[in-house]
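As structure tokens, the structure follows; a few thoughts come after it.
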Amino acid sequence: MNIFSLTIGIDIDATLTEPYYWLPFTNEHFGLNQKPEDMTCYDLAVNLGISEEEYLAFYLEHGEKIHRHSPIRKEAPSILQDMYPTHQLYYITARHPNMEKVTKDWLNHHDIPQNGLFLLGSHDKVGKAQELRCDLFIEDRYENARAIAESGVDVLLMDCTYNRDQEMLPNMKRIENWYQVQDVISTMEKNRLTLKNL
């Protein structure tokens, strides 16, 4: 039997990591008491009620530490390890390239298998998804997910408080955890289907 192999693009922050892992750091630094349910916008500066300049200064000082200590979604490592022999797994993040070492160390620490890592320093992931010929992309930021879907790539949108109540295109599907990712990919494998045909 032929193996149906997919090329999968995977975001890191809030897709592979727990989505609100930075809240303890920002709450302490800015003297806030925000909770996950308060995060109704992807833009952290807007959520925190601070300027972009204030957030950038905070991130430049603390970003590496925050990424190093970010908790992973607990089911992700074993599921990705199961997928790796069959599928191509590429991690595509908007993180700045100067976070490459801490990101690689974090992936290795959690035994995350990979075919490649790309730190774009930008939210525009369409070009990289096209270059890699991704069949599927897993993402939490709605604007990214929609742009990627509009380019013809199937997208799984990882549910977060800030991406709800959004229009879903036929080749987009909202999922809540990596078990659901596994189920979708298993169905695509068995039936050689795209998302809109599931």
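Note that Cβ sites are derived from N, Cα and C of the backbone, with glycine treated the same way.
Per TrEMBL, these features apply:
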- ASP11: active site, nucleophile (ACT_SITE)
- ASP13: active site, proton donor (ACT_SITE)
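Shown are the active-site residues ASP11, ASP13; of these, the residue with the fewest other Cβ atoms within 10 Å is ASP13. Following the DSSP three-state reduction, the secondary structure of ASP11 (active site, nucleophile) is coil.
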